[in-house]
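If you look up Swiss-Prot, you'll see 1-406 marked as region 'Phosphoglycerate kinase'. Per Swiss-Prot, the feature substrate binding site maps to D20, L21, N22, R35, H58, L59, G60, R61, R118, R155. Summarising the annotation, Swiss-Prot assigns ATP binding site to K206, G295, E334, G361, G362, D363, S364 and lists similarity to another entry as the type of evidence. Annotation source Swiss-Prot lists region 'Unknown' at 407-771.
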Amino acid sequence: MKKLITDLNLNDKKVLIRLDLNVPLKGKKITSLKRIEESIPTIKYVQERGGKIILLSHLGRVKTKEDKEKKSLSIVVEALASLLNSPVKFVDQTRGKKLESAIEKLKPGDVLLIENTRFEDLNNNAESNNDPELGKYWASLGDVFINDAFGTAHRAHASNVGIASNIKESALGILVQKEVNALWKLMEQQEKPFVAILGGSKVSDKINVLEKIIDKVDRLIIGGAMAYTFLKAQGIGIGDSIYEQDKIEFATEFLKKYNHKIILPIDHALAKKFKNAKPIFNNENPLEIPQTFIGMDVGPKTIELIHKYIKGDTKLGISPAKTIFWNGPMGVTEFEEFQSGSLAVVEAISQLVGAYSVVGGGDSIAIIEKLNAQMLFSHISTGGGASLEFIESKVLPGIDAIQNYEQTYEQYDSQVQSQDFSQNFDSPLVEETFSQSTSENFSDFASSTQEHFATSENQNTLINNYENPGFDSQDMFKTEEQNDSTSSFLTSTNPFSSEFSNEFKTSDFQDLKQTQETETQETLIPHTFEYTTDDLRHTLEQYVRETSFQTRESTFPTEEASFETLEETSFQTLEESFPTQSFEQVEQTSEKNMEVSTENFENASSQTNSFTVSDIPKTTSTFEDLETPETQNTTLEEVALETSNFEAQNLETPNLQTSNFETSNLETSNFETSNFETSTFESFNTGNFSTPSSTFEDLDLQSATFQTNDESERSTQENFEPTEVIESDLLAMKTTELEQEITNNTSRDILSEDEVAAPHKKRFWFFGRKR
């Protein structure tokens with residue numbers, strides 16, 4: 001297994017990080033920030049662990065001095081610093097004293113970007129040819145090397161393989177791990193139906209991919225210029241369209257063997273010339289392209305066919321795709337007139353729910369970004385060529401050169417000297433030795449390690465918390481804490497997959513985990529959680545705050561406000577609190593509350609109480625207060641533990657004008673009415689216990705009826721004016737009296753001795769919006 005970034009001690013180390021900052025440019029303007037954004041997590045990770053960061057990257061191809069003037073990495077500094085929320089230093093050298101001096105001045109957490117590594121290609125292609133001296137020089141600038149440039153992982157350059165071969169410690173960054181995980185899942189854990197869409201200009205670029213992927217897919221849709229080679233092989237006229245004559249034989253044999261899986265264009269958008277053209281359609285014979293015409297894009301009938309095989313068609317018995325891989329455009333997307341086929345692919349995939357979709361290739365990604373549909377795809381690869389070579393089971397030199405986790409440096413150094421990088425990437429970084437990894441034994445090896453890549457139960461909850469629906473961190477990386485200096489923020493669910501820990505989830509990059517499911521509408525759903533007594537108090541207090549009036553003035557506009565006016569106002573507030581259901585429905589969720597037996601009052605203190613929505617103080621409910629001429633010194637906490645619950649009764653009308661809460665087992669409790677003012681309802685405080693303190697507004701007790709337990713003594717106070725302050729002390733009855741009361745109370749269900757003896761947690765229900 002390859003070393004990961006979490007295996008390294010980064011504190012106060014000079015950390016060389018190879019990134020892929022090869023952003024698309026239009027003049028001097030960056031047209032897509034995706035590659036910069038994807039680099040941020042690794043930089044942040046090193047920053048937070050005290051590393052001194054030296055960044056290397058290329059930008060485009062540099063063949064002449066004119067290219068050098070246009071391809072300076074200084075263009076990305078501002079965007080990088082903005083996304084990183086940290087200053088970024090820049091040195092316009094790839095080697096020299098100026099660069100070395102800047103590195104020596106770095107402090108932990110500092111970030112330094114050096115100039116475009118491909119400027120060295122002006123010196124006998126030193127970078128692209130992996131010049132040994134250049135690799136050694138760059139390696140000498142740091143203590144640790146991290147390769148996080150998946151886009152160049154299929155190339156052996158001085159800035160990846162050269163550095164990794166000459167430095168003591170090397171590891172893979174977060175982006176590379178994410179990429180490998182996504183492609184591994186695509187090829188080895190795909191759900192059927194599996195639809196692959198391949199476009200682009202050349203069959204020769206994708207022959208190996210075609211041969212590798214065809215056995216795994218249910219349908220293979222071929223578009224772009226490469227489709228014309230297959231049409232030509234079938235004897236269909238393609239006019240002056242581009243095709244590869246030397247691949248006709250391959251296309252013929254491929255179609256003969258897999259014709260039942262392959263979907264080719266059945267009509268075309270044509271043009272007489274390549275530039276400044278408008279689409280023309282051959283309505284008489286849509287399949288044929290007349291002479292002197294060029295195929296520029298797929299036609300409307302092909303678009304309809306693409307939609308059917310991606311989204312499904314019940315009439316034709318075609319199921320919606322569950323796994324999709326797309327690489328390469330359907331037409332000449334440089335011109336807006338010929339983007340329809342590619343846009344149709346984006347539209348179809350984005351409408352799927354619960355499917356796993358992977359996209360690679362710059363042109364395909366550009367179309368997705370044009371529609372701002374990135375979040376509707378499971379994974380958008382930063383490496384088009386690298387992703388194809390990964391699927392082809394080829395060795396990716398930039399990753400293969402990284403140290404194995406099990407290797408000592410001496411073993412690794414010996415391997416470097418012999419240049420024995422023979423690990424086949426078809427078995428993604430999971431073999432203990434290089435000899436185990438060959439494409440021939442890959443299937444057997446993968447099956448033998450099935451337990452490592454079992455799907456997590458919560459896998460579909462986003463990428464549930466970069467909550468990139470594209471990236472599901474549930475199946476990334478490995479679990480064990482591998483270094484005392486770094487907390488293990490990665491856990492394993494397959495040979496090369498892991499999950500970000502709480503530490504990383506709370507960083508600035510929670511967007512690394514994203515929700516794949518797209519909800520078409522919000523629904524009100526119940527959730528249930530277990531709470532302790534303290535949690536319930538907090539929840540009740542929060543609930544009361546949320547259902548309170550916004551201002552005192554709206555609650556009590558005047559001191560002369562009538563009791564009926566207050567009730568009407570509070571009911572409107574209640575409707576706002578439950579916008580999608582009536583209060584009667586909420587009341588129905590309150591059936592019966594479990595009680596604590598009188599025989600187990602001492603043990604009851606360790607048990608949590610049962611509450612439902614109806615137990616929370618309702619905004620317009622009136623209370624029955626049981627008064628007694630004599631009070632005892634029992635604390636409220638003891639009474640609460642003995643009586644366990646209040647039972648909501650007598651909810652007679654929808655507007656709750658006569659609602660009462662009976663507390664029949666608190667017959668000696670006493671509310672003493674004193675001063676009532678317009679704003680304060682003070683908390684009950686007795687002994688060592690106090691209920692959550694809140695304002696009169698918060699409790700929404702706009703209507704209050706205090707009644708005694710004795711029916712003959714009950715009297716309703718109507719039209720009271722809220723002009724005095726109430727200070728209420730709830731005093732309890734003696735334990736013996738309470739036990740007798742509960743024993744004699746036949747209107748309530750008493751728990752059996754067995755039920756009381758068994759510890760139990762009760763549940764508190766609330767309603768929340770599903771996002």
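Just so you know, glycine gets a Cβ as well, placed from its N, Cα and C.
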Residue among binding-site residues E334, D363, S364 with Cα closest to the Cα of N22 (substrate binding site): D363
Spatial separation of R118 (substrate binding site) from G295 (ATP binding site) - C-alpha basis, Å: 36
Cα-nearest neighbour of G362 (ATP binding site) within the listed binding-site residues, D20, H58, R118: D20
Surrounding CB atoms that lie within 10 Å of the CB of K206 (ATP binding site), all protein chains: 23
Cβ-based isolation winner (fewest other Cβ atoms within 10 Å) among the binding-site residues N22, S364: N22
Using Cα positions only, nearest of the binding-site residues to S364 (ATP binding site) (D20, H58, R118): D20
Chain-internal residues near H58 (substrate binding site), provided their CB is under 8 angstroms and they sit 6+ positions away: D20, L21, N22, N116, T117, R118, E127, T152, H157, S159
For ATP: widest Cα to Cα gap among K206, G295, E334, G361, G362, D363, S364 in Å: 21
Winner by Cβ contact number (other Cβ atoms within 10 Å) across the binding-site residues G295, G361: G295
Residues that sit under 8 angstroms from E334 (ATP binding site) by C-beta distance, when 6+ apart in the chain: none
Farthest-apart CA atoms of D20, L21, N22, R35, H58, L59, G60, R61, R118, R155, residues recorded for substrate, distance in Å: 18
G60 (substrate binding site): secondary structure state under DSSP, collapsed to three categories: coil
Neighbourhood of G60 (substrate binding site) by C-beta distance under 8 A, where only residues 6 or more apart in the same chain count: N22, L25, D67, K70, K71, N116, R118
Distant-in-sequence Cβ neighbours of D363 (ATP binding site), under 8 Å, six or more positions away: G200, G328, P329, T333, S342
For D363 (ATP binding site): DSSP state (helix, strand, coil): helix
